[in-house]
Amino acid sequence: AAAAAEVQLSRLRWAVLLLFSSYSLCNAFQWIQYGSINNVFVRFYDVSAFAIDWLSMSYMLIYIPLLFPVAWLLDKRGLRLIALAGSALNAMGAWVKLGSLKPHLFPVTVLGQVICGLAQVFILGMPSRIASVWFGSQEVSTACSIAVFGNQLGIAAGFLVPPVLIPNVEDVEKLAYHISIMFFMTAGVASALFILVIIVFKEKPPNPPSQAQALIQSRPAVEYSYVQSILRLLCNANFLLLMVTYGLNVGCFYALSTLLNRMVIHHYPGEEVNAGRIGLTIVLSGMVGALISGIWLDKTKTYKQTTLVVYIMSLVGMIVYTFTLSLGHLWVVFVTAGLLGFFMTGYLPLGFEFAAELTYPESEGTSSGLLNVSAQIFGIALTVGQGQIMDHFGTKAGNLLLCSVLFLGTVMTAFIKADLRRQQANLENEQT
């Protein structure tokens, strides 16, 4: 009864969510800004396409060893410190890249990208935690979707903006000038967002927003052990299945995003701007899918069924995209890429929220972090694997690899049981 009396929603919750989405957007933009015009940066820095691919994969590689220290920090020191660290590193990496505007300074741009990759460790596991700490039980999935939405919007901007700002010109001096415009704009936005985080971002609302959150906040601090929490998660069979299937799906998305420029230009030479627009189509349709799936989950609470349907449709979308890419009609590629993105990117918040349900009352930061580690490992493996297959056997063979991976993930998703522990806790407390 005491817990029920304390539950109240804060007006500040939407400002916190919007601010997080904004600096997450900026960080995601920096992830794909090289890959979306891979061929231009290959010529500017005089390095291989594989070296530019690694600028994207560095984000994935850095995340894997640093997840656990950062998730521990999130549990011990809370949301505000993690938000400050993520936004500060994001701005720092953007400024470092401004020192790499000569062809021989490729190592400096690598350093800037590594710092941005560090920032991402402080960003990726936050959506479900912010949603749980700040939002009520009837809006928590929608809030998580909006938080993921920001990251996806950043990837969309990363596909759209670089091909427009940086034309594929021969003159290296002109190329350096156009690259500098993009780097200056990014650094300015990242710095402004860091200042806003210092001013606006709060640790938590004055009152818990839901019964489930009230229970967690009323638990004695000594009762919680971070190591024990991870061990409990790794003994949860349903969560382990979700961890692998999430990694397979999101790993396919990472590989597709990183290699999209190479795929499109192989079949449609000189279409760098349209390659970026196809990437934009994938992400924008995925953002619509993510928002719809979040609202749907809040209304229906059908986590298992929704996840399985979206996974099956991701597989169908990938198969259609694979066999239409080489038809010679760019408009067909736009349509099939949009269909693929709607489901594949729309799956991201579903995975976070399903994990929060399966693992309650464990920390959402830890469960999200483990999902992301799985995604980064599969992302690196699939990006390298698909890249090598494309080099030796063509783009269709590379895309067929992703089709087979999504088929495996669909089968495994069917075996996850819908053990909705967070929903159960909310229902029991409301009845009490």
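From the backbone N, Cα and C atoms, a Cβ is placed for every residue, glycine too.
Where the annotation comes from TrEMBL, it is an automatic prediction and has not been curated.
Annotated in TrEMBL:
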DOMAIN    16-421  domain 'Major facilitator superfamily (MFS) profile'
TRANSMEM  12-34  transmembrane segment
TRANSMEM  54-74  transmembrane segment
TRANSMEM  81-98  transmembrane segment
TRANSMEM  104-125  transmembrane segment
TRANSMEM  146-165  transmembrane segment
TRANSMEM  177-201  transmembrane segment
TRANSMEM  233-256  transmembrane segment
TRANSMEM  276-296  transmembrane segment
TRANSMEM  308-324  transmembrane segment
TRANSMEM  330-350  transmembrane segment
TRANSMEM  370-390  transmembrane segment
TRANSMEM  396-416  transmembrane segment
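Distant neighbours of the transmembrane segment (370-390): 50, 53, 56-57, 59-61, 63-64, 67, 124-125, 230, 233, 239, 242-244, 246-248, 250-252, 254-255, 258-259, 262-263, 266, 351-352, 355, 397-399, 401-402, 405; these residues of the same chain sit at least 6 beyond its ends, with a Cβ under 8 Å from one of its Cβ atoms. If you count C-beta pairs under 8 angstroms between the transmembrane segment (54-74) and each of 12-34, 81-98, 104-125, 396-416, the highest count goes to 104-125. Among residues of the same chain six or more beyond the transmembrane segment (12-34), those with a C-beta under 8 A of the stretch's C-beta atoms are 41, 52, 55-56, 59, 83, 86-87, 90, 93-94, 97, 109, 113, 116, 119-120, 123, 126-127, 130, 134-135, 143, 146-147, 149-155, 157-159, 161-162, 182, 186, 189-190, 193-194, 196-197, 200-202, 205, 209, 257-258, 279. Residues 56, 60, 282, 311, 314, 318, 340, 344-345, 347-348, 351, 354-355, 358-359, 362, 366-367, 370-371, 373-379, 381-383, 385-386, 402, 405-406, 408-409, 412-413, 415-417, 419 of the same chain lie 6+ residues outside the transmembrane segment (233-256) yet bring a C-beta within less than 8 angstroms of a C-beta in it. The transmembrane segment (177-201) makes contact with the transmembrane segment (81-98): 3 or more of their CB pairs lie within 8 A, with pairs spaced 6 or more apart in sequence. In the predicted structure, the domain 'Major facilitator superfamily (MFS) profile' (16-421) carries a mean pLDDT of 86. Between the transmembrane segment (104-125) and the stretches 81-98, 146-165, 308-324, 330-350, 396-416, the greatest number of Cβ pairs separated by less than 8 Å involves 81-98. Within the chain, the transmembrane segment (308-324) has long-range Cβ neighbours (under 8 A, six or more residues past its boundaries) at 245, 249, 252, 289, 293, 332-333, 336-337, 339-344, 346-347, 350, 396, 399-400, 402-403, 406-407, 409-410, 413-414. Tallying C-beta pairs under 8 angstroms between the transmembrane segment (146-165) and each of 81-98, 330-350, 396-416 places 330-350 first.
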